[in-house]
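Have a look at the structure below before the remarks.
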Amino acid sequence: MSQPKYLTGDKAGLEEFLAKFDVFLFDCDGVLWSGDHLFPKVAETIEMLRSKGKQLVFVTNNSTKSRADYKKKFDKMGIPCNVDEVFGSSYSAAVYIACILKLPAPKNKVFVLGETGIEQELNVEGVPYICGTDPAFRRDIEPEDFTDIANGSALDPDVGIVLSGLDFHLNYLKMATAFQYLQRGAIFLATNIDSTLPMAHSLFPGAGSAGAGLAKAFGKEPLSLGKPSQAMMDAVEGKFHFDRSRTCMVGDRMNTDIQFGIEGKLGGTLAVLTGVSKKEDFLAEGAETVPMAYVDQLGDLLG
Ligand SMILES: O=C(O)[C@H](O)[C@H](O)COP(=O)(O)O
Ligand SMILES: [Mg+2]
């Protein structure tokens with residue numbers, strides 16, 4: 001495996017690298033920003049790529065926001081972006097449920113472990129759901145809940161899917177209810193299974209960690225519809241119709257973003273060192289996932 005090219009400060013190398021691609025798939029958390037903190041010169045870099053006629057797609061595993069929510073965040077951050085350029089894991093999961101799984105109504109209802117981003121995208125696709133941000137589930141489990149869940153009186157007979165995303169309001173009642181749906185044959189899906197979430201220039205438990213307890217109890221991992229899933233890559237390509245050989249994935253995480261690009265046989269991958277993965281992760285001898293090139297921060301693409 002060849003060593004990745006370090007492009008920070010390499011003007012000629014940057015020119016040559018950017019000229020290889022017409023399309024850039026951008027990860028968001030850890031590449032553009034950490035929470036609400038925009039990294040240096042990100043807006044200028046996006047502007048530069050657009051001025052060179054590059055097509056940009058923002059492909060995020062963060063399921064807490066819908067595409068519409070992300071459009072508002074891009075506007076707030078001063079990054080010009082069209083809502084159709086955003087492709088998040090909530091949208092990926094909603095499209096998969098509505099267009100691929102297509103469970104016959106009324107047994108197509110989704111039990112959601114996650115935030116409003118998932119609910120909004122399921123609504124757009126006309127997929128019914130329960131739980132999510134419903135305050136009725138944001139309470140301690142009571143002794144009578146065990147009986148009501150076990151005998152099914154507290155369960156909705158139309159739930160056919162459990163969808164696990166990044167849930168900032170985890171509790172035992174939701175996990176126990178989801179578990180019982182799975183025991184009754186519901187399909188187990190996840191928006192993504194990232195172990196950590198880059199926030200406030202640090203790391204916090206991610207969607208994969210949020211759903212790990214349920215997976216352990218059930219004894220099976222969910223089908224993830226976020227990066228590196230190629231169902232997501234196929235859906236992104238199906239929507240944007242790009243030439244994979246002229247497309248580059250830009251990300252901060254080896255086992256989601258860079259693996260997504262490599263498995264998707266994209267023309268290239270660029271790692272950015274402002275998020276989860278460190279350069280030691282991919283420079284080490286025998287590293288599992290190695291990007292084509294890397295920079296310290298996205299703004300370094302300005303040369
Ligand atoms: O835990 C998560 O959901 C992820 O860490 C997070 O949201 C990743 O977002 P991305 O880096 O794909 O924009
Ligand atoms: Mg990221």
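Residue numbers in this text run from 1 along the chain shown.
Backbone N, Cα and C define each Cβ position, glycine as well.
Where the annotation comes from TrEMBL, it is an automatic prediction and has not been curated.
According to TrEMBL, the protein carries these features:
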- Asp27: active site, proton donor (ACT_SITE)
- Asp29: active site, proton donor (ACT_SITE)
- Asp27, Asp29, Asp252: Mg(2+) binding site (BINDING)
- Lys227: substrate binding site (BINDING)
Open item on the list: Below 8 Å Cβ to Cβ and six or more residues apart, same chain only. Which residues does that give for Asp252 (Mg(2+) binding site)?
Closed with: Asp27, Asp29, Gly30, Val31, Pro198, Ala271, Val272, Leu273, Thr274, Gly275, Val276, Ser277
Task: Among Asp27, Asp29, Lys227, Asp252, the recorded positions whose C-beta sits under 6 Å from ligand 2 - done: Asp27, Asp29, Asp252
Task: Reduced DSSP assignment, Asp29 (active site, proton donor) - done: strand
TODO: Taking the recorded Mg(2+) site as Asp27, Asp29, Asp252, identify the other residues of that chain whose CB atom sits within 8 Å of the mean position of the site's CB atoms, giving them in sequence order.
DONE: Cys28, Gly30, Val31, Leu32, Thr60, Asn61, Pro198, Gly251, Arg253, Asp257, Val272, Gly275, Val276
Task: Among Asp27, Asp29, the most crowded of the active-site residues [Cβ within 10 Å] - done: Asp27
- [ ] List the same-chain residues at least 6 positions away in sequence whose Cβ sits under 8 Å from the Cβ of Lys227 (substrate binding site), in sequence order, or say none.
- [x] Asp27, Val59, Asn61, Ser89, Asn192, Gly251, Thr256, Asp257, Gln259, Phe260
